[in-house]
Amino acid sequence: MEDFLYFFSFQDSSILFIVMGITLLGIGSAYVGTFSFLDNKALLGDAISHAVLPGICLGFILAGEKNPFFIVGGAIFSGALATFLSSWLKENTKLSEDSIIAVILSVFFGFGIVLLTMIQKTGNPEMAGLNQFIFGNAIGILEEDLWVYGSLSLLIILTLSLLLKEFSLLVFNAEYGKAIGFPMKGIRVVFNILMILSVVIGIQAIGVVLMAALLITPGAAARFWTDRLGTLLILAALFAIISGIVGTYISFIIPQMPTGPWVVVSLSTLALISFLFAPKKGVLFRFISRQSYLKKTHKEHVLKSLYKAMEEQKSGLQIQELLSMYPVHKTETLKSIKTLNKTNQLTVKEGFIELNESGKKEAKRIVRLHRLWELYLNEYMNIAPDHVHDSAEKLEHLITPELEELLDNRLNYPKLDPHQENIPRDHDDH
Amino acid sequence: MIQQVENPILEIHDLTVSYDQSPVLWNVDLSLPEGKLIGILGPNGAGKSTLIKAIMGLVQASGGYVKIFNKDLEQVRNRISYVPQRESVDWNFPASVLDVVLMGTYGKLGLFKRPGKKEKELAHNCLEKVGMNAFASRQISELSGGQQQRVFIARALAQEADLYLMDEPFAGVDMATETAIFQLLQEMSKEGKTIVVVHHDIHSAMSYFEWIIMLNLHLVASGPKQEVVSEELLRKTYGGKLNLLTKVTDLIRKKEFNPLKN
């Protein structure tokens, strides 16, 4: 608790500084990552982030110390080389995109590990921190390094805001952009540079192995919540900032704990929450709407059966009779009877069920839809009368009043269905 | 039957296009009159879409040139509007109908500038013309095929161009949309706009277009409907691919390089 207060009260100016840095980094990488996610190029970010490792090592070897300019320069160089190689291979070979990305990722990363091991063998005392570039350590970042990463992040955010409409065009319909005379190739190059930079800003705080997660996951998680690009970018940035700060905090309270894995853990938690609970697209929401639809179908089946009994000149049905019609759904049927009783659509007296006025009207509607659909299938789709029932069993719960009107119109307000049964109307007698 | 015209709005000279070095268009040479509704007809894989993509500079020609308003494409790009095939984009992209139509104003806006009030007004007007203004704030993934097509046409209208090139605007749309689009195109052509439409259905083409281009890897015909539509030309267009031409294409594809490239 003490640590928590110490960290989040920001009384330590270096912590405040790091949190500001992480915030900028989060916004930058989430922005760029969201676009590459929308462009279905999520894997490219992973390839680039692994591919910057040899550049980092080369920068270190050239400078002989952890100089941020050399390291960032090296990372940008090898990231650019990887991006260029992957698009060159795509244009000049018949290899598929995923094999190209797999090759680039493993070759560059493998080479990077070789260099890293070589540097460690030299026994250079400066090399201690170099391991951080694999999994990241936000707390260990020096202030001078932070300036470099922070201003790069700012550069990314500004460029992206300035070119928002161009990048949307690139992702949605690049061909059209070319047709109206926009330099789409140049815009693609700028986007690729931003992509490389957004990996580079995270190498020290998050690490090269997990940086791809910070690029892609925020956008993917935010996509569950919204269909608007503006909201999507803001939400993605928010997710990235939250997980960045969580990762930093854990690195702060547990010494030697890398930041990257914790950023990924908290990001994945946010993604999981989005996947489960987001309205409309979330699993829970879809489950609930399916359940309520099923409930509706059970209720409608009860009403329909009672109406059919009335057609056979019975005034109603015994509960047992009704249950035996739906032997698989006994509990659901009982529940439906209860709810329908509560809403006053039917009356239960000593185990005998009768429809009330409102229930009868609703029951008529369902039977009418069922029979209208059967007639439509028979007349317009040439399906034999003994093959139309199953489809109508499903469609009777779905057809909207507008569709019903359209069906009635097409079929010229028919009186009988293909089985010569009456299509009931509200103005009928019974 | 290839009829050339005086002062053409569009002149295509000996245009040859190849994809991955197999030629898909051979020496197309034609000129088109201004203010007409023009249909490009031909079987699947005849190179119809490729022809308008080559006109827009979206695919590179391996030979020949195109002149529009008697100028090079780059000088007159803002006077031409292009409607790509509906299936060529991902409709799950998070954008509203208005956002997509606003893209039509980007050409005049140029880089960096955001569309403002004037552009939004124009976009709403164009949506009104295709009967979609009520859907302006609708997410594009919720649209039906016909509605998507109307949005694409509204976007093209927002370019306020003189020449329109449309790739299969009638493909996979409902009857109501087809009629509405056709009426709109007719009105535009009355206002003096030239509209070139890639179309797949011969029957409706007969009633829709004044000028018809028939393609089957090469140019079969180009001219006024009455003069072009004959059984012989239709057979040449739709009667299967030319056997010899396909063999040459195969021969070229098997080379390790593109022999047609200059």
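Every residue, even glycine, has its Cβ placed from backbone N, Cα and C.
What TrEMBL records for this protein:
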TRANSMEM  A:15-37  transmembrane segment
TRANSMEM  A:43-62  transmembrane segment
TRANSMEM  A:69-88  transmembrane segment
TRANSMEM  A:100-119  transmembrane segment
TRANSMEM  A:146-164  transmembrane segment
TRANSMEM  A:193-217  transmembrane segment
TRANSMEM  A:229-254  transmembrane segment
TRANSMEM  A:260-278  transmembrane segment
DOMAIN    A:357-425  domain 'Iron dependent repressor metal binding and dimerisation'
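Cβ atoms under 8 Å from those of the transmembrane segment (A:146-164) belong to residues 17-18, 20-21, 24-25, 27-29, 31-32, 35, 68-69, 72, 187, 190, 194, 197-198, 200-201, 204-205 of the same chain, restricted to positions at least 6 beyond its ends.
DSSP labels the residues of the domain 'Iron dependent repressor metal binding and dimerisation' (A:357-425) in these numbers: 44 helix, 2 strand, 23 coil. Contact check: the transmembrane segment (A:15-37) against the transmembrane segment (A:193-217) gives at least three Cβ pairs closer than 8 Å, residues 6 or more apart, which meets the contact criterion.
Taken together, the residues of the domain 'Iron dependent repressor metal binding and dimerisation' (A:357-425) have an average pLDDT of 89.
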